[in-house]
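Participant: Quick paste of what Swiss-Prot says about this protein:
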| type | residues | note |
| --- | --- | --- |
| DISULFID | Cys66-Cys160 | disulfide bond |
| DISULFID | Cys106-Cys119 | disulfide bond |
Amino acid sequence: ATVPLTMDGLDLQKVAGTWHSMAMAASDISLLDSEYAPLRVYVQELRPTPRDNLEIILRKWEQKRCVQKKILAQKTELPAEFKISYLDENELIVLDTDYENYLFFCLENADAPGQNLVCQCLTRTLKADNEVMEKFDRALQTLPVDVRLFFDPTQVAEQCRI
C-alpha cells in the first residue's frame, strides 16, 4: 500500500453503525467526476462481522437509479487495512477515526499502487464540521500521491438516497 498506516489499532465494534459520506477526494478526477463515476459511492453503514471483517453498506447510481450495494472488507494482519473486491480496488485503509464523529478511509488498487486512490471522509451526522474537514485535508496531505479534494456530497442534490 502507498497509503501510510497511521492507526495503531482499530476497534471494529466502535465503527459500527450509520455513517454519511461528507467529502470525497481522488488521485484521478474521472473516478468521481460524474454521478455514475465508478468510485462515487455513498457509505451508509459499517457492520462488523463476527469474524472481524467489515461489511460496508453503500449506495451508488446505476442506470439512472440509486442502488444499494454490500461490500465485504476482509481483515488482514494490520488492524486498519482490509482486502476488498470492488472494481479494481482491492485495499481499504482506515486513515483515522475518533469513532464518534468521523472516519477517513482510502481505497487503493494494491497491484498498481498510487495510480488510483480514492479517499472519503465519513461523519456520523450530516452536519458539516469545519474542524473535521480540515483534519481530512491534512490527512490527504500525508499521502504519497497527489489527492485532490473536489467533491462534497452534501452540496449536491443528486446524492443517492433509497
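Using N, Cα and C of the backbone, Cβ positions are placed for all residues, glycine too.
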Participant: Distance check, please: Cα of Cys66 (disulfide bond) against Cα of Cys106 (disulfide bond), rounded to an integer number of angstrom.
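Facilitator: A Cα-Cα distance of 22 Å.
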Participant: Cys106 (disulfide bond) has how many other Cβ neighbours within 10 Å of its own Cβ?
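Facilitator: A 10 Å sphere around the Cβ of Cys106 (disulfide bond) contains 25 other Cβ atoms.
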Participant: So if I draw a 10 Å sphere around the Cβ of Cys119 (disulfide bond), how many other Cβ atoms end up inside it?
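Facilitator: Summing over all protein chains shown, Cys119 (disulfide bond) has 24 other Cβ atoms within 10 Å.
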Participant: Please report the distance from the Cα of Cys106 (disulfide bond) to the Cα of Cys160 (disulfide bond), rounded to the nearest angstrom.
Facilitator: 20
Participant: Among the disulfide-bonded residues listed here, Cys66, Cys160, which has the most company in the form of other Cβ atoms within 10 Å of its Cβ?
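Facilitator: Sorting the candidates by Cβ neighbours within 10 Å, the top entry is Cys160.
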Participant: What does DSSP call Cys106 (disulfide bond) in the simple three-state scheme?
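Facilitator: Its secondary structure by DSSP: strand.
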Participant: Hey, how far is Cys119 (disulfide bond) from Cys160 (disulfide bond), Cα to Cα, in Å?
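Facilitator: Between the alpha carbons of Cys119 (disulfide bond) and Cys160 (disulfide bond) there are 18 Å.
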Participant: Is Cys160 (disulfide bond) helix, strand or coil when read with DSSP?
Facilitator: coil
